[in-house]
Amino acid sequence: MHTLIAAKKSIVTVFIALAAISAFLLGNLKFTFDFDQFFPIGDPDLLFYQEFMEEFGTDDNFLLIAVENDDTVFKKEFLERFHQFSLDAEKFSYTKNSSSLTTLFYPLKTSFGYTKIPVIHIKDSTKYAKDWKKIQTDSIFTNSLIDTKGTSLVVAIETEDNLDYENCLLFLEEVRKSLKNNNIEEYHFLGRAYFYEAFVAMQKRELLVTSALSALLVLLVLLIVYRKIAVVAIAFSSIVMALLLFLGLLSILGKELNTLSSFFPILLLIVGSADVIHIMDSYLEKLHQNIEKNTAIITTLKEVGLTTLLTSVTTAIGFLSLVTSKLMPIKDFGLNSAIGVMVAYITVIFFTSALLLIINKKHLLSKKNSTDQWGFYLQKINVFTRKKPKTILYSASLFGIICFWGVSIINTNYEFQASFPKNSKLADDFSFYQEKYSGFRPLEVAVITKGNNKITDFKVLQEIDKMEAQLNSFKDIGEVTSVNILFKGINKAHNLNKKEFFSLPKDQKTYLAYKKDIKKIARKQLQKFVNKSETKGRISAKVLDIGTDSLIQVYNSLNNFIATKTDTSLVKFRLTGKGMLLDKNSVYIRKSLLQGLGIGLLLVGIIMVILFKDLKLLLISLIPNILPLLFAGALLGFLGIPLEATISIIFAIVFGIAVDDTIHFLGRYKLSRHNGLNKEQAIEKTFKETGRALVITTLLLFFGFMVLVFSVHLPSITIGLLLSATLLTALILDLLLLPVLIRKWIKN
């Protein structure tokens with residue numbers, strides 16, 4: 001303590017230097033977005049998928065570009081421009097393969113061998129009607145390369161696997177340049193590179209906007225509460241200092257910022273504000289009592305500093321409960337937030353305290369002590385809790401029952417498109433593909449042969465055909481392709497390209513002839529569906545974004561079909577793919593959430609026992625903090641908001657922050673009892689000296705998280721609204737329920 005007083009100017013200088021370094025390092029912060037981050041770590045299906053993709057490549061390495069043309073695409077001038085773009089697409093950086101209806105052909109077997117017939121005769125407009133009729137009749141390309149109404153065409157580009165952010169930007173720049181050169185204005189993108197670009201842009205925007213709005217809000221609240229420029233300047237500079245140091249530390253540690261990073265500025269500014277307000281309120285109150293400032297800061301740090309340390313630790317524990325999650329972005333968010341909370345505490349204890357000692361007392365104190373008015377209203381609340389204990393207890397019990405009901409109806413039917421920036425081009429494009437094509441979500445079915453069987457054996461192909469038919473029976477699954485498409489295409493080519501012959505050959509002899517032809521003329525296409533040893537194959541499909549719970553029902557139905565309707569002595573089918581792995585998150589979210597919160601409650605309980613040395617106070621402290629958690633869950637249930645990875649962090653934030661108020665309240669009560677006051681006197685003093693800080697910090701939290709309504713990210717808006725409502729509820733429970741429980745359970 002005395003070292004702090006002696007070295008106050010040196011401490012401020014060191015912090016300013018660290019802030020300058022941190023500001024310089026901000027440019028090194030990296031932003032990332034990758035679906036792989038949201039895969040459940042250690043899951044057997046993930047391990048299988050990773051092994052499977054080593055042989056076949058990833059299933060999201062594509063970019064689709066749908067180009068619209070008013071009433072119909074069958075206009076010569078449009079088709080020529082579209083065809084030129086299709087040719088350009090083959091030469092883009094990172095393009096492995098490209099296809100469209102203007103570059104594809106139907107194979108036809110003649111007496112001279114195989115010949116090619118264009119799917120669309122671009123140069124001969126008299127054949128357009130016939131071409132369109134054949135496309136509709138065959139239905140091979142509808143909903144994949146052309147929509148059912150013939151108003152848009154798609155160029156499907158297969159890219160190199162796992163392009164990084166810079167590569168994605170370069171690739172998309174080339175695509176857009178070609179579209180512009182070919183005078184194509186009405187187009188829609190879908191694919192990993194496009195998502196990467198859009199989500200990183202959203203993350204940068206969110207970080208800047210939330211930082212600016214949160215800082216402005218904190219400044220406004222501080223001005224309203226303290227009304228002294230010096231006090232506001234100290235508080236605000238301390239909070240900004242904590243945020244700068246935290247972001248600088250993330251940069252030094254090489255941490256990459258993901259979708260959840262927009263919460264960091266709000267959390268740091270608000271948590272830092274709470275620490276500052278508790279320290280500053282206590283210090284200024286002592287100055288008003290004419291206590292010398294060195295003595296005032298020492299007493300403040302002894303009385304409030306320890307409590308603030310405990311609240312910071314419990315908040316950090318709340319965030320650390322997220323490291324039990326199987327999802328890496330959630331784990332990182334929990335760990336980074338815990339680090340940020342402790343950075344804020346250290347900054348406030350040293351930097352804020354040093355500034356308070358440096359600034360002259362006359363610049364800090366108002367002529368009128370504003371805490372008197374606060375005390376008047378807070379004592380009214382205290383009187384109410386004394387007069388209406390039964391009403392409060394019955395109301396709290398009813399509230400708890402209603403919350404349990406709400407929690408019981410939580411669903412996890414999350415739709416991927418809910419993560420998109422609202423009113424964005426990305427959201428519009430995704431909706432376009434949902435309505436006119438087969439959507440985005442990739443679904444893979446691994447095909448693994450048994451014994452000496454090969455994927456290209458006739459009996460195995462027949463099993464694959466059964467599986468394809470089952471996949472096609474679901475209205476939400478489309479673009480089902482496998483090695484069978486090659487055999488069906490050859491069979492059709494041998495029969496004048498008639499639709500009814502787009503099927504596997506009828507007998508073994510014909511099959512063997514086709515197999516020989518395929519290995520001659522379609523070896524590259526064969527390698528896309530079959531590995532080198534021909535022991536593994538793939539069936540690829542696209543699934544509409546119909547919600548996680550709905551998709552899990554589809555997966556369960558498919559798994560039941562595999563178990564009961566396929567010949568498991570010949571071949572084994574297994575669902576895999578990035579889409580399915582993302583959907584598995586719903587299985588883990590509730591489990592990891594309960595596990596993490598359970599550990600958090602245990603650790604906080606241990607801290608409470610050490611702090612209060614009283615099991616009754618432990619129970620009293622936990623009840624007002626469990627109810628807000630239930631309330632947050634109830635809001636999800638009653639409002640029909642699906643519980644998904646991002647929204648699950650609400651519970652860690654609520655638990656980590658709400659418990660702070662309880663510790664401050666009970667800590668002040670315990671101190672007052674230790675100083676010789678009886679139960680009623682201690683409660684009254686607690687309301688007077690701690691109640692004001694609790695209300696101010698909760699209002700900061702309320703409006704701070706309300707800043708998220710300005711987000712373009714729907715889950716962030718939801719989190720902001722739910723957190724604001726829940727933390728306000730936590731304050732009400734602390735002010736009303738805690739005094740009642742103390743009076744009922746603690747002896748005088």
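Just so it is clear, glycine is given a Cβ too, placed from its N, Cα and C backbone atoms.
Over in TrEMBL, the protein carries these features:
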- 228-358: domain 'SSD' (DOMAIN)
- 617-728: domain 'SSD' (DOMAIN)
- 12-31: transmembrane segment (TRANSMEM)
- 207-226: transmembrane segment (TRANSMEM)
- 233-254: transmembrane segment (TRANSMEM)
- 260-284: transmembrane segment (TRANSMEM)
- 304-323: transmembrane segment (TRANSMEM)
- 335-359: transmembrane segment (TRANSMEM)
- 392-410: transmembrane segment (TRANSMEM)
- 593-612: transmembrane segment (TRANSMEM)
- 619-641: transmembrane segment (TRANSMEM)
- 647-667: transmembrane segment (TRANSMEM)
- 693-713: transmembrane segment (TRANSMEM)
- 719-742: transmembrane segment (TRANSMEM)
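In the predicted structure, the domain 'SSD' (617-728) carries a mean pLDDT of 83. Sequence-remote contacts of a segment are chain residues at least 6 beyond its ends whose Cβ falls under 8 Å from one of its Cβ atoms, and for the transmembrane segment (392-410) they are 385, 627, 630-631, 633-638, 643, 733, 736-737, 740, 744. Residues 396, 399-400, 402-411, 597, 601, 604-605, 608, 612, 647, 650-651, 654-655, 658-659, 662-663, 666, 718, 722-723, 725-727, 729-730, 733-734, 737-738, 741-742, 745-746 of the same chain sit 6 or more residues outside the transmembrane segment (619-641) yet have a Cβ under 8 Å from a Cβ within it. Most Cβ pairs under 8 Å with the transmembrane segment (647-667) belong to 304-323, among the candidate stretches 207-226, 304-323, 335-359, 693-713, 719-742.
Tertiary proximity for the transmembrane segment (304-323) is limited to same-chain residues at least six positions away from its ends with a CB under 8 Å from its CB atoms, namely 271, 274-275, 278-279, 282, 330-331, 333-335, 337-338, 341-342, 344-345, 348-349, 596-597, 599-600, 603-604, 607, 611, 649, 652-657, 659-660, 663-664, 667-668.
Contact counts against the transmembrane segment (12-31), taken as Cβ pairs under 8 Å, peak for 335-359 among the stretches 207-226, 335-359, 693-713, 719-742. Broken down with DSSP, the domain 'SSD' (617-728) shows 96 helix, 1 strand, 15 coil. The stretch in closest packing with the transmembrane segment (207-226), judged by the count of Cβ pairs under 8 Å and taken from 335-359, 693-713, 719-742, is 693-713. Outside the transmembrane segment (693-713), and at least 6 residues removed from its termini, the chain residues within Cβ reach (under 8 Å) are 202, 205-206, 209-210, 213-214, 217-218, 221, 225, 259, 262, 266, 269-270, 273-274, 277-278, 281, 374, 378, 419, 421-424, 657, 660-661, 664-665, 719-721, 723-724, 727-728, 730-731, 734-735.
Under DSSP, the residues of the domain 'SSD' (228-358) split into helix, strand and coil as follows: 117 helix, 2 strand, 12 coil.
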